[in-house]
Amino acid sequence: MDTPRRVEHQQTDRGYIPVYATGVIEQPWASYSATDHGVWAQLFRRQREILPGRACREFLDNVERIGLGADAIPKFDDLNRVLRRATGWELVGVEGLLPDHVFFDHLAHRRFPVTWWIRKPEQLDYIAEPDLFHDLFGHVPLLMNPVFADYMQAYGRGGMKAHGIDADALMNLTRLYWYTVEFGLIRTGEGLRIYGSGIVSSKGESIYCLESDAPNRLGFDLERVMRTRYKIDTYQQTYFVIDGFEQLFEATRPDFAPIYAKLKTLPAYPAGEVLPGDRVYHRGTGEGWVRSGDV
Ligand code: PHE
Ligand code: FE
């Protein structure tokens, strides 16, 4: 993209960094400490250890192909050379979560915002907001996959559209993102596998989502997913399983405007509920569930 205009400097605990109108900042790579690189190395090694046999092949292969390794926090510029050639996507550095419409605009232009800072050593297992490890390790490998790459751009465009409708439409679309991009499972010839970024960047949930009896594992259905509330501070109570990225892309191709209008008149479902029409891969025991706090 064109280099955006530098609009201000923002003070952070790492000093002043330039911030652009689109929220984009240059990755201040030289400012990462040895501790930061160490956190990356630990998280990377840990996930590389447990993800084979759990994450889908498209994810694992692309971790290799884009050149992620344990030695240091990757430079966005290095990854971008590979990514641009593969699918035309690029990473842009950001300070953290962006306003919805700014985030959608980036995706619609095949730019993926990546938080530039990494969590602290005491946050290896849980961090409430997305950091570099989640955004980069979790999201970027699948942007190397052509079908998934197109889905993400279509999602960005759909987001711009939903933003122009109303808050309910945005909520429906956000649930779709949550249960696919962030917490999706995929059915393969070898069994269920993970593709959701919120799972692959978490050691605990990478194991829980596939091996625990507690959560439901249900077949993906667009309107069902758009009506399902979710948990933001515990592991998910329900995971939705797609048959492939093509299925996801095709199921989301239709115009959502009439779907949003229809869903306005219908109630949402609690995160842990199994419905009569669901294709049930596993009915969760509900063990350890907190019944409140769905969003
Ligand atoms: N087809 C959707 C719409 O009309 C756009 C979209 C595509 C949304 C892919 C999400 C994912 O709004
Ligand atoms: Fe994410």
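Cβ atoms here come from the backbone N, Cα and C positions, even for glycine.
Among the candidates E90, E95, E182, the residue that TrEMBL annotates alongside H134, H139 as binding Fe cation is E182.
For the Fe cation site, the Cβ centre of H134, H139, E182 serves as reference, and the other residues of the chain with Cβ at most 8 Å from it are P130, D135, G138, V181, G196, S197, G198, V200, S201.
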